[in-house]
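Accompanying notes for the structure given below.
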Amino acid sequence: MKHNLQDNLQGEQMANTNSNGGKKPFSDAKIIERANLLRDNDLYFFFRAIEETEASTVTVKGKKQIMIGSNNYLGLTHHPAVKEAAIKAVEKYGTGCTGSRFLNGNLNIHEELDEKLAAYLGHEKAIVFSTGMQANLGALSAICGPKDLMLFDSENHASIIDASRLSLGTTFKYKHNDMASLEELLESNMSRFNRVIIVADGVFSMTGDILRLPEVVKLAKKYGAYVYVDDAHGLGVMGPQGRGTMAHFDVTKDVDFNMGTFSKSFASIGGVISGSKDAIDYVRHSARSFMFSASMPPAAVATVSACIDVVQNDETILNNLWSNVEFMRNGFKELGFFTYGSQTPIIPLFIGDDMKALKMTKWLESKGVFCTPVLPPAVPKGETLIRTSYMASHNREDLSTVLEVFAEAKKIFDIPNHLH
């Protein structure tokens with residue numbers, strides 16, 4: 001049954017018309033109602049099957065598209081040295097580890113990667129998890145106990161929100177990148193808890209803005225709090241040789257825990273937590289998502305190691321990335337798009353209206369541009385955007401084409417130049 005998309009896109013609850021023998025059917029769930037509305041109107045842009053990938057293009061439904069929705073910032077998924085390392089690892093170790101690192105799934109290359117990442121990030125120790133999500137879930141739920149407090153930015157990643165729910169500690173949000181809001185919570189709560197941990201993204205995934213990390217560090221020192229940075233979108237991109245947001249601000253020694261993922265710049269899957277020797281040893285023996293999950297597959301481990309080598313030895317990769325970012329940022333500015341002041345490879349484009357964003361995404365796809373609409377609740381109501389992101393492997397011809405297509409789209413869909 002088709003419903004009115006405009007009236008129901010925000011997720012109003014539909015009536016339950018199927019008793020299903022007394023069991024409430026999942027088809028009546030609000031999220032399924034919304035998904036069906038999008039499907040009915042041919043505006044469902046989730047789970048798009050990508051049939052082939054190249055340096056910065058993908059094939060969907062037999063049609064090649066310029067990919068500007070990927071987190072493959074360094075463009076290393078097709079780098080010859082990276083692919084060769086993955087293949088050699090499979091030949092030596094097989095396709096999987098079939099066990100937890102805690103027991104039978106700990107390969108020597110896992111430990112070598114731990115050490116390599118610790119040196120790369122500038123911390124005493126590091127430990128590799130199977131995914132970035134598991135790294136946050138495991139580490140945060142381990143270090144925030146019943147007598148502890150977690151203070152986190154209101155725009156943090158979902159994994160931090162879920163970790164706060166898993167932890168036995170108390171959790172409070174502070175306003176996004178608002179140091180006055182953070183200090184108010186620190187001042188009123190420090191004496192009530194054993195440990196206080198400030199948790200924030202290094203680069204925020206939707207708007208691409210950067211954590212005011214030096215100010216966070218200053219407040220942490222003033223009040224005696226720990227600092228935990230989720231640098232999923234900063235690792236490999238920010239700072240010298242892509243060492244991350246804490247290196248970008250030269251505050252590595254002041255960050256107690258640094259988390260990174262390998263599913264973005266490092267062309268693989270997995271996550272890492274780095275910090276002091278004692279802190280990481282504690283996480284190693286306490287993080288349930290680490291202890292009770294099978295370890296990273298050998299090919300994934302070798303891929304990450306090779307990516308670190310590439311970014312450390314070939315400065316043209318980061319130079320190309322930032323050149324492309326500057327080109328697109330200036331291009332969108334000239335076209336009159338509001339980009340939230342982003343200074344990273346994530347360049348969000350304010351659209352405002354949900355329907356307009358969905359229809360524009362469909363139109364862009366028809367013109368050979370793959371991008372991602374971001375709707376509430378991922379962003380505040382009325383601030384729907386199209387999230388674009390850029391890679392070192394993009395060529396200038398494709399990026400110029402993207403700008404030409406967006407120039408036409410802005411006129412067709414009457415996109416505003418600023419937030420309402």
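Glycine residues also receive a Cβ, built from the backbone N, Cα and C atoms like all the rest.
For the pyridoxal 5'-phosphate site that Swiss-Prot gives as Gly132, Met133, Thr261, Ser263, the extra residue drawn from His79, His176, His233 is His233. Within its own chain, Gly132 (pyridoxal 5'-phosphate binding site) has Ser159, Ala232, Met259, Gly260, Thr261, Phe262, Ser263, Gly270, Gly271 as residues 6 or more apart in sequence whose C-beta sits under 8 angstroms from its own. The pyridoxal 5'-phosphate site is set by Gly132, Met133, His233, Thr261, Ser263; from the centre of their CB atoms, other residues of the chain with a CB within 8 Å are Thr131, Ala135, Ser159, Ala232, Gly260, Phe262, Lys264, Gly271. A gap of 7 Å separates the Cα atoms of His233 (pyridoxal 5'-phosphate binding site) and Lys264 (N6-(pyridoxal phosphate)lysine). Taking each Cβ in turn and tallying the other Cβ atoms within 10 Å, the top scorer among the recorded positions His233, Lys264 is His233.
The Cβ of Met133 (pyridoxal 5'-phosphate binding site) lies under 8 Å from the Cβ of Ser159, Asp162, Gly271, each of these being in the same chain and 6 or more residues away along the sequence. Most other Cβ atoms within 10 A: among the binding-site residues Thr261, Ser263, that distinction falls to Thr261.
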